Amino acid sequence: MMAHQHPYYLVEQSPWPLTGAISGLMMNLGLVLWFHTGNIILLFTGLLLLILTLVNWWRDIVREATFQGSHTAIVENGLRYPMILFITSEVCFFFAFFWAFFHSSLAPAVEIGVTWPPSGITPLNPFLVPLLNTAVLLSSGVTITWSHHSILAGNRNEAIQALFLTVVLGIYFTILQAWEYIDAPFTIADSVYGSTFFVATGFHGLHVIIGTTFLLVCLIRLSGHHFSTHHHFGFEAAAWYWHFVDVVWLFLYVCIYWWGS
């Protein structure tokens, strides 16, 4: 490798952006094919290629950051701004769902009986599973902060325990959400209420799964001594993302589950 008189890391050629784009195309085409013909093979093939891309791309980044020392302090500082912009874009993403919800609920149309929830819709009790899910996510926010402070204090064992609890709570939340969907007395096809409910909470559930995956990778890396008190941006980025997921859920609970019911 040629020496460069600057502190920035120049990435090497990688096949993963191309395979990631191909997997995205395959999943989109596979989804359409599944809807129209019931054939799910292309969708699952694209998903498998996406997982393969993520695993290998993650492996390369871990190698560059941890074993090759390519992520200097200046490089890490440069990674913080894209992560902040990414979370900001996610805020805008969920803002659209809240806009659709309030547009439909504050002035209900005559087609749904000029009432909210619409006529014939039995909303979920916000003080049962949704309240438990709120407690689970708030608890996970506490444990991820506990893990972060343990890393800063150099207490690796405590950091691993706290991060493990966070991953368990994330999985538990996903199980509860799936159970709630199965038992829900309405579907995504039941008026604008069902559409906004399942799209907003469903995309949040997807973000919880993604965040849990991030934290699981961080747990593996933490167990492998990849993080130190001064070099753990991968964990910090995952923690930021998890706190964002927590905050979005609080808005979902208050607006859709409690006020919307």
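Note: Cβ is positioned from N, Cα and C throughout, glycine not excepted.
Record features, source Swiss-Prot:
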type: TRANSMEM; residues: 31-51; note: transmembrane segment
type: TRANSMEM; residues: 82-102; note: transmembrane segment
type: TRANSMEM; residues: 126-146; note: transmembrane segment
type: TRANSMEM; residues: 159-179; note: transmembrane segment
type: TRANSMEM; residues: 197-217; note: transmembrane segment
type: TRANSMEM; residues: 239-259; note: transmembrane segment
Leading stretch by Cβ pairs under 8 Å, where the reference is the transmembrane segment (239-259) and the options are 31-51, 82-102, 126-146, 159-179, 197-217: 126-146
Residue numbers, six or more beyond the limits of the transmembrane segment (31-51), whose CB comes under 8 Å of its CB atoms: 19-20, 22-25
